[in-house]
Amino acid sequence: MSTPARRRLMRDFKRMQQDPPSGVSASPLPDNVMKWNAVIIGPSDTPFEDGTFRLLLSFDEQYPNKPPQVKFISEMFHPNVYASGELCLDILQNRWSPTYDVSSILTSVQSLLNDPNISSPANVEAANLYKDHRSLYVKRVRETVENSWNDDDDEEEEEEDEDEAEDEDDDDDDNIDED
C-alpha cells in the first residue's frame, strides 16, 4: 500500500542512490520500506576514522512530519549515544524539520561523531573523558572503531553457526527409526 510516508521514503532512497553522500549509505530492508539499515564510515582525521558503524532507522507513517528513530547497532562510545545505541541529536527531537531526509540525517550523525554536544550528554562517562581526559577518550573511541570491524565477522559467524545447527537438525531427521 502506497502512503505519503512510503512514497517519501522511496524518494529518499532514490536520492541516496543518485547522489550518495560521502561516507554514509542506507537502504530499506527488503521486506519493509519503513526500516532501513545504514552504515556510517568514521570521518577522516578524527578518532572515529575508518570505523564502520551500523545503524537502524525506523520510520512510521508520520514521516516526514515526525523524525525516525535512529539507533546504532554497532557498539558506540560517544557523549551523545546512550548505551542502548539511541542517539541524543537535536534534529531527531525538538529541531526536526520535514525537509530533512535520510541523507541529511546520516550526514548529521556522521558530523556529530567528531563534534559532540557535551552540554547534554547521553553517555556521561564519554562526555567527562572528552572534556577532561581527551587521550583516554580517543583510546576508547579507537577500541570502538576496531570493534566495528569485527561486527561483520560476528554476524558471519552467527550465520555459520545457524547453518551448522540446521545441518545437524537435518542429520537427526535421517536417524529417526520408523516402525
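Keep in mind that glycine also has a Cβ here, set from the backbone N, Cα and C atoms.
According to Swiss-Prot, the protein carries these features:
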- 1-28: region 'Disordered' (REGION)
- 4-150: domain 'UBC core' (DOMAIN)
- C88: active site, glycyl thioester intermediate (ACT_SITE)
- 145-179: region 'Disordered' (REGION)
- 149-179: compositional bias 'Acidic residues' (COMPBIAS)
- 151-179: region 'Acidic tail' (REGION)
Conformational class of C88 (active site, glycyl thioester intermediate) under the three-state DSSP mapping: coil
Predicted model, mean pLDDT over the region 'Acidic tail' (151-179): 51
Cβ neighbours of C88 (active site, glycyl thioester intermediate) where a neighbour is any other Cβ within 10 Å: 18
